[in-house]
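Working notes for the structure below.
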Amino acid sequence: MSVLQVLHFPDERLRITAQPVKEVNADIQRIVDDMFDTMYEEEGIGLAATQVDIHQRIIVIDVSEERDQRLVLINPELIEKSGDTGIEEGCLSIPETRALVPRAEHVKVRALDREGKAFELEASELLAICIQHEMDHLVGKLFIDYLSPLKRQRIRQKLEKLAKQNSRT
């Protein structure tokens with residue numbers, strides 16, 4: 001298992017639409033395990049394969065305080081959503097940035113687990129928000145896309161400045 005490189009905005013690879021996983025096999029399971037290692041190392045609660053330059057429909061999530069409730073969503077489909085909510089979201093691909101994003105309060109998804117078994121899951125609150133955030137990544141959408149063009153431009157400038165500072169160190 002290993003920690004993968006997380007892509008950072010404005011990297012255009014974050015905009016690539018992920019393709020469905022054709023078969024859940026040992027290679028896919030290794031990707032899932034590496035994604036969990038990466039997410040935990042980066043102190044995130046969710047990670048989409050797109051964020052680590054793997055353009056397949058794979059999401060890993062763990063919103064638990066203890067970091068012991070792993071959720072794998074392969075080829076996730078949103079089948080129901082209801083209610084309105086929103087929290088200040090952050091993203092491993094957009095460091096040091098948070099913004100209020102409107103989301104559905106409850107979702108129901110269908111997906112495959114790490115073993116390739118189909119399941120359905122109903123989620124609310126933080127888990128529902130995290131699922132929606134990560135599913136956006138699979139279609140090349142970032143949480144800042146919900147913001148005004150001016151706010152997005154300011155974030156881009158801030159991150160470009162951070163990248164320059166980091167490249168000097």
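From the backbone N, Cα and C atoms, a Cβ is placed for every residue, glycine too.
As annotated by Swiss-Prot, Fe cation binding site applies to C91, H133, H137. DSSP gives H133 (Fe cation binding site) a helix state.
Long-range Cβ neighbours of E134 (active site) (same chain, at least 6 residues apart, Cβ-Cβ under 8 Å): G46, L47, A48, I59, I61, L73. Feature annotation from Swiss-Prot assigns active site to E134.
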Which residues, in sequence order, are found in the same chain with Cβ within 8 Å of the centroid defined by the Cβ atoms of C91, H133, H137 at the Fe cation site, excluding those residues themselves?
G46, A48, Q51, E89, L92, S93, E134, D136, L142, F143
Just name the winner among H133, H137 (the binding-site residues) by count of other CB atoms within 10 A of its CB.
H137
Using a 10 Å cut-off, grab the number of neighbouring Cβ atoms around the Cβ of C91 (Fe cation binding site), all chains included.
25
